[in-house]
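Chemist: Here it is, the structure in full.
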Amino acid sequence: MKEVTLRPSSAPLRGQLHVPGDKSISHRAVILGALAKGTTNITNFLNGEDCLRTVEAFKQFGVSIEHERNSLKIDSHGPGYFTEPKEPLYFGNSGTTARLMLGVLAGLPLFTSVYGDNSLTKRPMDRVVAPLKQMGAQFDGRSKGSFLPMAIRGGDIKSIDYTLPVKSAQVKSAVLLAGLLSEGVTTVTEKTTSRNHSENMLQAFGADIVSENQQIRITNQQSLNGIDVYVPGDISSAAFFMTAAAIVPGSRLTLTNIGLNGSRTGIIEVLQEMGAAVEITNKQTTGGEAFGDVIISSQKLKGVIIEGDIIPRLIDEIPIIALAATQAEGETIIRDASELKFKETDRIRAVVDGLTRLGASVKSTEDGMVINGGSVLTGGRVAAYNDHRIAMMHAIASLITKQNVIIDDISSIAISYPDFFEHLNSITDKG
Ligand SMILES: O=C(O)C1=C[C@@H](OP(=O)(O)O)[C@@H](O)[C@H](O)C1
Ligand SMILES: C=C(OP(=O)(O)O)C(=O)O
């Protein structure tokens, strides 16, 4: 437990930040680097606890991974040379590691057992286990293989045509990774576009993959070839500082090299619709991933309705959007977001509980929440629910509260943003 007391500070935020590398892309770079033959060099890798879980898993297969700060060098002979791990694989708090690795494990002719922390043990895995069982892999775990800990015997699997029943990039990616390692052509169809980093990176590594009209086809290939990967800054981490600049009067921040993949930029669209001034410069592309600098200044905000297809494009940003909404004029309604209940904690409950304790007027609904804007936040004692995004939302709230914000435990922030407080201090008068 690492409790923290944050003093209020209404000073404008100024300056420039280079937020850490994207978590989703970092996981995928390690997975594909390990599955590829040869050397993969990853730069601007996210040194967060979740991505380190993915690294450790492949080390247990005997893959050589050298790690120095934000650079990773992977030397692999491909999956045919992986050795059977002698110990269970530990996935910690990471849903992405668990779900994507189950896809990989389904395709490997090995026995593995996997487990996670208290939060991950409660998160549903049947959404990936169901299609992977259809492909012929064997899974066993609690509730007939719905939850970790789990045992997997993979290999010798066949391709499938699969329509995603949940809006989830993790499920899509698990099936695509299993498809890469299975006989034949696997097709995944999604009704709503979710983040497409797996598709982009598989293509960059030379996989035979085609995406058309929300349908992705991948052809079996036993090994890819190693490449160099630059990981753009994580827009989900940048979202905390974008929102901070939007709600603290007189602020102007520049966030450099932020990932701007269209399947992730819902936060920018929503902040703009609320009235924030956002400018994008220096736009470039690497490995199919757009990135650039985001300059954001405070403005008077207004409430909005957030629903439908945009939800997967900002799912992890909903806690911080809810904080912005407390400062907007009018009501903000968030719908179609019941997936929030299956994250590191039930994020609908955690956001409504936390913001209410700080003095906001927020109500939960079956699939989202309703936030009445124009609140003066008082401050107070809040729980992070061991969830990094909830902890960071509360830390940003302390920039606009009248009194201290006391967060029960901030240790979860190391999951996705180990330097969060150094960065926060560098742009406020707290530094
Ligand atoms: O594929 C990914 O890297 C992720 C997909 C999303 O989860 P779902 O696939 O469960 O929506 C997101 O919430 C998570 O932080 C990362
Ligand atoms: C939901 C998240 O991650 P994961 O599913 O990988 O635990 C997140 O980072 O907000």
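One is the number of the first residue shown, and numbering goes on along the chain from there.
Heads up, the Cβ atoms here are built off N, Cα and C, so glycines get one too.
According to TrEMBL:
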type     : residues                                            : note
DOMAIN   : 10-424                                              : domain 'Enolpyruvate transferase'
BINDING  : Lys23, Ser24, Arg28, Ser168, Gln170, Asp316, Lys343 : 3-phosphoshikimate binding site
BINDING  : Lys23, Gly95, Arg123, Gln170, Arg347, Arg389        : phosphoenolpyruvate binding site
ACT_SITE : Asp316                                              : active site, proton acceptor
Chemist: Please give the maximum pairwise Cα distance, in Å and rounded to a whole number, for the phosphoenolpyruvate-binding set Lys23, Gly95, Arg123, Gln170, Arg347, Arg389.
Modeler: 19
Chemist: Could you tell me which of these binding-site residues, Lys23, Arg28, Arg123, Lys343, Arg347, has the greatest number of Cβ atoms within 10 Å of its own Cβ?
Modeler: Arg28
Chemist: Using a Cβ cut-off of under 6 Å to any atom of ligand 2, determine which of the binding-site residues Ser24, Arg28, Gly95, Arg123, Ser168, Lys343 qualify.
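Modeler: If the test is a Cβ under 6 Å from any atom of ligand 2, the answer is Gly95, Lys343.
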Chemist: Pop the Cα-Cα gap between Gln170 (3-phosphoshikimate binding site) and Arg347 (phosphoenolpyruvate binding site) into the table, whole Å please.
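Modeler: Between the alpha carbons of Arg347 (phosphoenolpyruvate binding site) and Gln170 (3-phosphoshikimate binding site) there are 18 Å.
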Chemist: Check the domain 'Enolpyruvate transferase' (10-424) for me and report the mean pLDDT.
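Modeler: Here the predicted model's pLDDT, averaged over the domain 'Enolpyruvate transferase' (10-424), is 97.
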Chemist: If you measure from the C-alpha of Arg123 (phosphoenolpyruvate binding site), which of the binding-site residues Lys23, Ser24, Ser168, Gln170 fall inside 10 Å?
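Modeler: Passing the 10 Å Cα cut: none.
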Chemist: In the structure shown, with every protein chain counted, which of the binding-site residues Ser24, Ser168, Gln170 has the densest set of Cβ atoms within 10 angstroms of its Cβ?
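Modeler: Counting Cβ neighbours within 10 Å, the top one is Ser24.
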Chemist: Please report the distance from the Cα of Gly95 (phosphoenolpyruvate binding site) to the Cα of Lys23 (3-phosphoshikimate binding site), rounded to the nearest angstrom.
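Modeler: On Cα coordinates alone, these residues lie 11 Å apart.
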Chemist: Can you name the residues of this chain that are 6 or more positions from Arg389 (phosphoenolpyruvate binding site) yet have a C-beta less than 8 Å from its C-beta?
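Modeler: Ser236, Asp316, Pro319, Ile320, Lys343, Glu344, Arg347, Ser416 - these are the non-local Cβ neighbours of Arg389 (phosphoenolpyruvate binding site), listed in sequence order.
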Chemist: Considering only the binding-site residues Arg28, Ser168, Gln170, Asp316, which possess a Cβ situated under 6 angstroms from at least one atom of ligand 1?
Modeler: Ser168, Gln170, Asp316
Chemist: Let me know the DSSP-derived helix, strand or coil state of Arg389 (phosphoenolpyruvate binding site), please.
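Modeler: The residue in question, Arg389 (phosphoenolpyruvate binding site), is helix (DSSP, three-state).
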Chemist: Return the single residue from the binding-site residues list (Gly95, Asp316) that has the minimum number of other CB atoms within 10 Å.
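Modeler: Minimum Cβ neighbour count within 10 Å, taken over the binding-site residues Gly95, Asp316, occurs at Gly95.
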